[in-house]
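Enquirer: Have a look at this one.
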Amino acid sequence: MALQPFRDEQLNYFKFASIVLDEFPKALRQTFTSMWDNTLTHLPGHQPWDDSAAIRNKFLTLEGGPGRTKVPTNLSYEEWDCTALFQATIHAKSFALPDSGGHHKTLGELFVKPRKLAHGVFHASVTSPSGNNAETVALAIDQVRLLRNSLFHSHTSEITKATFDQYVKHAKDAFEALGVKTDPIDVIGGLTESEFPTNKVRKLEECIKEENRAFVSFLQQQNQHLEGISSDVKALKHKMEVMPTKDDIFKMLEQIFKDLIQAPAQNKPDKNLTSIKPTKDTSLDTHTADQDRKQEEVPCLSHGLLKVEYETAVTHLKSDDFVSALESAKRALDITRTLFGEEHPKMANNHLLVGLIQIDLGNYASAFQSCQSALDIRRKHLGEEHPDTAKSYFSLGVTQNSLAEYAAALQSFQRALDIRRKLFSEQHQDTALSYHSLAVTQYSLGDYVSALQSDQCALDIRRKLFGEEHSDTANSYDSLGTTQHSLSDYESAQKSKRSALDIRRKLFGEEHSDTANSYSSLGATQHSLGDYKSAQKSKQRALDIRRKLFGEEHQDTAESYSSIGKTQKKLGELTLALQSKQRSLDIRRKWLGEEHLDTAESYYSLGVIQHSLRYYASAQESKQRALNIMRKLFGEEHSDTAKIYDSLGATQHSIGDCASAQKSKQRALDIRRKLFGEDHPDTDRSYSSIRKTQTKFRKQTLACQSKRRSLKEKLFGEENSDTAESYNSLAVTHHSVGDYESVLVAYQCALDTKRKLFGEKHSETSQSYHSLAVSHTSFLG
């Protein structure tokens with residue numbers, strides 16, 4: 001059947017679809033190329049974008065390697081769709097910039113997220129208020145994304161003239177901000193029905209269907225006007241009917257949540273810290289008959305949209321596309337709120353889904369709010385002692401731990417544990433999980449004895465429930481080993497970590513990230529035991545696996561380089577250690593930026609190696625950089641700041657700059673006395689270090705005095721103008737080593753000599769009086 005003539009609103013729809021599907025990808029590709037060429041080509045080893053396999057692999061490396069980006073770098077960028085191009089620009093690590101705290105974030109995280117636009121709202125302006133070009137580019141790209149979403153989330157196939165004009169204006173503003181010509185938009189906007197052939201319409205329809213399943217509502221409306229696509233509508237409608245039910249989706253989420261709690265981080269060579277990865281452990285409760293009756297009353301279309309958003313969110317979540325997953329989850333949250341109200345039990349499920357994705361994105365503050373909302377709803381509807389309430393406490397604890405709010409996290413994890421022990425008894429996998437998480441937080445608080453007990457409880461339960469060869473059992477062995485290491489029980493730590501390694505090798509094989517973590521952790525303990533050859537072998541194995549899995553430029557690879565460098569130093573392989581530490585620093589500066597704790601650690605450890613090689617000038621520069629970063633991150637009165645002050649002083653001492661060395665070491669001593677008191681090993685080490693510098697200081701002073709006697713007795717005699725000038729020179733030397741009392745003595749000798757030679761009213765005598773007076777004022781007040 002022939003198509004009916006288009007109404008103006010329908011024509012507007014197809015014209016806008018043509019702009020979105022044809023012109024948006026071109027504009028985004030041009031923008032991506034410009035960003036690459038202007039931002040990265042000045043770096044060593046980079047070249048302008050030419051879409052070759054080599055340059056696409058370079059982009060992949062910058063993004064973290066395979067599996068770290070959703071951009072299909074195996075394809076020509078001419079085949080990248082808009083979703084991939086958004087990932088390659090505002091969500092790409094390649095173009096990340098440092099925030100106010102020095103942490104590198106994507107353009108989306110820096111400039112788009114803080115806007116917090118409501119659903120369906122566009123940016124009023126894409127021009128940066130502060131004139132920041134990066135912000136303008138980010139907002140313009142996001143405006144393109146919002147315009148694209150407005151098409152694919154539309155429930156109608158018509159656009160009024162006012163709305164169409166608004167869309168066109170937003171699109172042109174975005175293009176202009178990106179430096180893209182707007183002529184194609186004007187051309188498409190001016191097309192009439194006679195210039196918009198039927199085959200073009202059909203092509204647009206097919207593209208839209210492929211872009212978004214939510215377009216089914218549009219296809220249903222088009223069925224009334226375009227009988228030629230009725231079979232497609234029926235097929236999609238059938239697919240909607242067989243989509244997963246709420247319970248099916250909840251079960252999928254349960255499985256995703258359950259598997260993502262990980263063991264503490266490995267013992268790193270210079271800082272034995274631990275962390276807990278976000279758990280996706282939540283509960284998606286069953287629904288009462290009353291809720292089901294209410295569900296039947298809401299419009300079928302709304303439920304269809306809710307199902308689409310849930311399915312889309314879960315699909316993105318399972319494929320690690322967290323940005324897209326969050327968008328779908330938030331839309332599902334909005335629909336659920338509209339249908340059921342804010343305090344309905346279904347809202348707890350939605351809040352937890354959103355919180356889960358926010359954790360994966362590292363947005364812990366927002367995740368905390370989402371998890372708290374879920375907990376409040378569940379406590380109100382289910383009471384305190386319910387499995388789902390326990391899981392909400394657990395999820396809340398994860399966000400608090402990630403925010404370094406360890407005391408609060410401890411309370412949340414303890415509450416979850418208490419409920420689970422009461423409901424499930426001791427021998428339950430959720431109880432074991434609670435013990436494990438409690439141990440991680442106790443470790444972070446420095447309560448290693450309690451952490452050891454919790455780790456052991458988790459291990460005992462898991463061995464009984466799962467047996468020896470299970471990933472959770474391996475995690476518990478590794479966590480226990482970390483705690484034993486921190487308690488200096490290195491033999492037990494080595495045994496536990498070896499058990500974790502053996503299980504992981506059997507379960508995952510040799511080339512797996514968890515296996516690499518076990519090798520690295522075991523190597524740290526072998527190092528502490530003084531078994532440096534074994535430590536080097538373990539750490540090298542970890543490095544080899546990480547380089548193969550993640551590539552050269554990855555944070556885990558940087559950690560391995562740093563760790564093996566420490567062991568190489570102990571083996572006396574200083575040149576190799578220097579290379580390893582330098583490689584670690586280069587990677588960390590690139591990925592983490594200059595002002596980051598790990599970068600500071602790399603500068604410091606590099607300086608230690610340089611000092612051992614007697615490259616004192618380089619060592620001083622490296623340690624000074626580390627000190628500057630630590631002072632900015634943690635302030636003056638921090639134990640690590642004191643450590644670097646003391647180390648810097650040692651290098652200044654070796655250079656012969658005893659005045660600076662004494663000042664640095666004194667600062668370290670002052671900080672340690674304030675933090676730890678007098679009776680602490682670090683304070684004692686500072687006293688010993690500063691005494692060493694003071695001894696050298698006194699020797700330099702004696703040398704100066706010897707120089708003075710030599711001048712007096714051997715060269716010119718006591719009453720000679722050259723002797724007076726030598727006294728002045730001697731005063732300068734004393735000043736350089738901080739011996740201010742001797743400065744005054746030398747200037748006084750110079751004055752006495754000049755008074756005898758020239759009298760009181762001579763200019764030379766006057767100059768000596770002036771020098772002595774200035775010194776008195778400066779040193780004695």
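Every residue gets a Cβ built from N, Cα and C, even glycine.
So TrEMBL lists these for the protein:
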- 268-296: region 'Disordered' (REGION)
- 278-296: compositional bias 'Basic and acidic residues' (COMPBIAS)
- 390-423: repeat 'TPR' (REPEAT)
- 472-491: region 'Disordered' (REGION)
- 473-491: compositional bias 'Polar residues' (COMPBIAS)
- 516-549: repeat 'TPR' (REPEAT)
Enquirer: State the non-local partners of the repeat 'TPR' (516-549) in its own chain: residues 6+ outside its ends, Cβ under 8 Å from one of its Cβ atoms.
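Expert: Same-chain residues near the repeat 'TPR' (516-549) but 6 or more away: 65, 266-269, 272, 474, 478, 481-482, 485, 488, 490-491, 493-494, 497-498, 500-501, 504-505, 510, 556-557, 559-561, 563-564, 566-568, 570-571.
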Enquirer: Go through the chain and flag residues at least 6 beyond the ends of the repeat 'TPR' (390-423) whose CB is under 8 A from any CB in it; none is fine as an answer.
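Expert: Residues packing against the repeat 'TPR' (390-423) from afar: 275-276, 278-279, 281-283, 348, 352, 355-356, 359, 364-365, 367-368, 371-372, 374-375, 378-379, 384, 430-431, 433-435, 437-438, 440-442, 444-445.
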Enquirer: For the repeat 'TPR' (516-549), what are the DSSP-based totals of helix, strand and coil residues?
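Expert: Its residues divide into 31 helix, 0 strand, 3 coil.
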Enquirer: Could you tell me the mean pLDDT the prediction assigns to the repeat 'TPR' (390-423)?
Expert: 91
Enquirer: Using DSSP, what is the helix/strand/coil residue split across the region 'Disordered' (472-491)?
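Expert: Helix, strand and coil residues of the region 'Disordered' (472-491) number 17 helix, 0 strand, 3 coil.
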